[in-house]
Amino acid sequence: MGACLGACSLLGCASCLCGTAPCLLCGCCPASRNSTVSRLVFTSFLFLGVLVSIIMLSPGVESQLHKLPWVCEEGAGNPVVPQGHINCGSLLGFRAVYRMCFSTAAFFFLFALLMMCVRSSRDPRAAIQNGFWFFKFLVLVGITVGAFYIPSGSFSNIWFYFGAVGSFLFILIQLVLLIDFAHSWNQRWLCKAEERDSRAWYAGLFFFTFLFYALTVTAVTLMFVYYTHPGACYEGKIFIGLNLTFCVCLSIVAVLPKVQDAQPNSGLLQASVISLYTMFVTWSALSNVPDQKCNPHLLTRLDNATVLAGPEGYESQWWDAPSIVGLVIFILCTLFISVRSSDHQQVNSLMRTEDCPAGPEAMQQQQQVVVCEGRAFDNEQDGVTYSYSFFHLCLVLASLHIMMTLTNWYRPGETYTMISTWTAVWVKICASWAGLFLYLWTLVAPLLLPNRDFS
């Protein structure tokens, strides 16, 4: 009897792995939507790739791999040998990160093409989007194994530029999410202050606005202290000065009377969030300057065992502060894409997501469905709540962005070193400028286009 029950349990698990998304979380998250669960599972695939990349960056992994004679070849010459062994160099360091992120990007790009023009869950392709997770995992594993057999050659150099472009676009997506988050935050707290007639909500908005501006000023001061020197580092001074000036100008524009009339919810809270994020991107850009005088992350090269090296013989700390902060922001923004829909129609149109459910009747109907079925429900029979293709494209860009973040935006050079270049600096600085312009457009668009509805 016990064997029969165990066999039935295994069959139930297998049906869940091959079935729809609600079946995966029906026991612990019965109130989940089909669309939300699917996005979370795809995001977990991405995070799994990130975890593998971090493990391959660990210093102790190489010694452990060499203890397995059936994994690594003895020589370091060819990436693939006829016996089937792999050069451990391709399993470690930046080359492992490049191949792992290439596999995740290829996986999500495949689904972006496959899910084009899916309108509702009645489309047969929606079943592939929301189910068959075990087979999807096998596909991801297969692509990953194949990626590690890609010959070194010029793969890393070419893929670096793909990563730079993709990361540039993902930085803009992060900024859009931050703008939407700040707008929603400000709007909800103002509504609570008016409903409850309490000044505590206004005090909270003032506190966080002051805190973000204080952190922005602190960041500017520290960047001038550690990333510039008298008579040198003119590029860094110009970048910091320009972005500080742009942030001040945007803060002034956000509180202009005409802007307030057209955008009642705009204010200094949003401007402070954007200013702080702009300074983070500036800090991240300055950490890639290939000049030891202007970049404290570059250290003098002492031996031949370095992995990251600048063009003048400098090496960089692998896990520096900008990379750690960038990794945290990446995780939060990726989860934000997976679980949240905006309160603003313009952001939903840009991100291809649904409007937030506002009515209690809709929530009551959803709860009734959950009670009847005992698990998550299909909320896309009449229409998809997000663009499947655009969501997968966002994960493609996220894969490229995390690849650049984990490798500190260093370009692969000869002799398996990583070279800091001005390309990474300019990509990040241009991304910060594009983000500031995007926020400025959200402020002045209702004034420049009065005939359009920006409510």
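Here the Cβ of each residue, glycine as well, is placed from N, Cα and C on the backbone.
Residues or ranges marked as transmembrane segment in TrEMBL: 40-61, 96-118, 130-152, 158-179, 200-226, 238-256, 268-286, 321-339, 385-404, 424-449.
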Maximum Cβ pairs under 8 Å to the transmembrane segment (238-256) - stretch from the list 40-61, 200-226, 385-404, 424-449: 424-449
Paired segments the transmembrane segment (40-61) and the transmembrane segment (385-404) in contact, 3+ CB pairs under 8 A: yes
Interface-richest range of 96-118, 158-179, 200-226, 268-286, 321-339 toward the transmembrane segment (424-449), CB pairs under 8 Å: 268-286
Chain residues outside the transmembrane segment (385-404) and at least six past its termini with a C-beta under 8 angstroms from it: 33, 35, 39, 42-43, 46, 49-50, 53, 97-98, 101-102, 104-105, 108-109, 111-113, 115-118, 126, 129, 159, 162-167, 169-171, 173, 327, 330, 334, 337, 341, 351-354, 379, 424
Range from 130-152, 200-226, 268-286 with the greatest count of C-beta pairs under 8 A to the transmembrane segment (96-118): 130-152
